[in-house]
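Asks: Have a look at this one.
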Amino acid sequence: MVGRFVMETLRGRDLLSIADLSRAEAEYLLDLAAQMKIGKVAPQCPKVLGLLFQKASTRTRVSFTVAMYQLGGQVIDLNPQSTQVGRGEPLTDTARVLDRYLDAVAIRTYGQAELQLFADYARIPVINALTDREHPCQILADLLTLRESFGTLAGLTLCYIGDGNNVAHSLLLGCALLGVNIRVASPPQFAPLADIVAQAKALSGGKSEVAVLTDPQAAAKGAHALYTDVWASMGQEAEAGDRQPIFQPYQINDHLLALADPRAIVLHCLPAHRDEEITASVLEGPQSRVWEQAENRLHVQKALLASLLV
């Protein structure tokens, strides 16, 4: 069966980028997450997951922990400040020790290079739980939410408005991988990285739109989903005051939402700053799917862990 074949290809793998997945593998994970969400599939995975987080986390930490518990496994929280990593032990040494204790590790760190270095030395699955470059688990949840809302991903357009950050990068890659039209509207100086855009265009194979714009209204026109994130990510708090006037025209509000498809949904990876990147009326409005989107982190990560570890 195709599903079983795809699970076999995922077993023991790393997920450092959404582009590490084939289209069939990504679709399989969404299907499995949807089945797990309604209780149709409940694999047991009595393994141990380590969480090595150098950045604050609510949804990612809790959803990974609950997912592992629901699979019958256990979680160890590895705060860098309470391990030898915080005292300067080389990451390569830590990786080679932890892979003898753990069955997988999810890492939230600043640099993608640190994540890659750990994965190079660890023999267990390494999962990107967020870096400054990408946030692949978030995007799996986003795509599941989009598919739930419309019944399909075919022919849909997702419009991301705001900072061309890690979420924008993974949205570009994930949407291109699954054939969803993706538009990103950012101030020119905060556009997504050029190499990510080029990679997304290559993944799309010219079969779906991959567009980077500076005009949020043009980007939002006719879109099936409007998506935003904070204007200053973790580690950029000192820049928030300078960024605010630059990003103000990129706020998702009722006016911008009116330009989208009448059935459009609103997404935000959270935490949200109400009346900054998104107005409270839109965040709490009838087209918002933000809370469903947050819930879906649990289901896609449970599907991912089961596929990598069972």
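Each Cβ is built from the backbone N, Cα and C atoms, and glycine gets one as well.
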Asks: Looking at Swiss-Prot, Ser57, Thr58, Arg59, Thr60, Gln84, His135, Pro136, Cys137, Gln138, Cys269, Leu270, Arg297 are annotated for carbamoyl phosphate. Which of Arg23, Arg108, Arg243 sits in that same site?
Replies: Arg108
Asks: Name the residue, out of Asn128, Asn166, Asn296, that Swiss-Prot lists for the same L-ornithine site as Asp229, Ser233, Met234, please.
Replies: Asn166
Asks: Determine, using Cα-Cα distances only, which of these binding-site residues is closest to Met234 (L-ornithine binding site): Ser57, Arg59, Cys269, Arg297.
Replies: Ser57
Asks: Using the CB centroid of Asn166, Asp229, Ser233, Met234 as the L-ornithine site centre, which other residues of the same chain sit with their CB within 8 A?
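Replies: Leaving out the recorded residues gives Leu130, Asp132, His135, Asp163, Asn165, Val167, Val230, Gln236.
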Asks: Please classify the secondary structure at His135 (carbamoyl phosphate binding site) using three-state DSSP.
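Replies: Once the DSSP labels are grouped into three classes, His135 (carbamoyl phosphate binding site) ends up as coil.
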Asks: Between Ser57 (carbamoyl phosphate binding site) and Ser233 (L-ornithine binding site), how many Å separate their Cα atoms?
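Replies: Distance (Cα to Cα, whole Å): 12 Å.
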Asks: Report, in whole Å, the straight Cα-to-Cα distance of Gln84 (carbamoyl phosphate binding site) from Ser233 (L-ornithine binding site).
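Replies: Cα-Cα, rounded: 27 Å.
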Asks: When DSSP states are folded down to helix, strand and coil, where does Cys269 (carbamoyl phosphate binding site) land?
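Replies: SS state of Cys269 (carbamoyl phosphate binding site) = coil.
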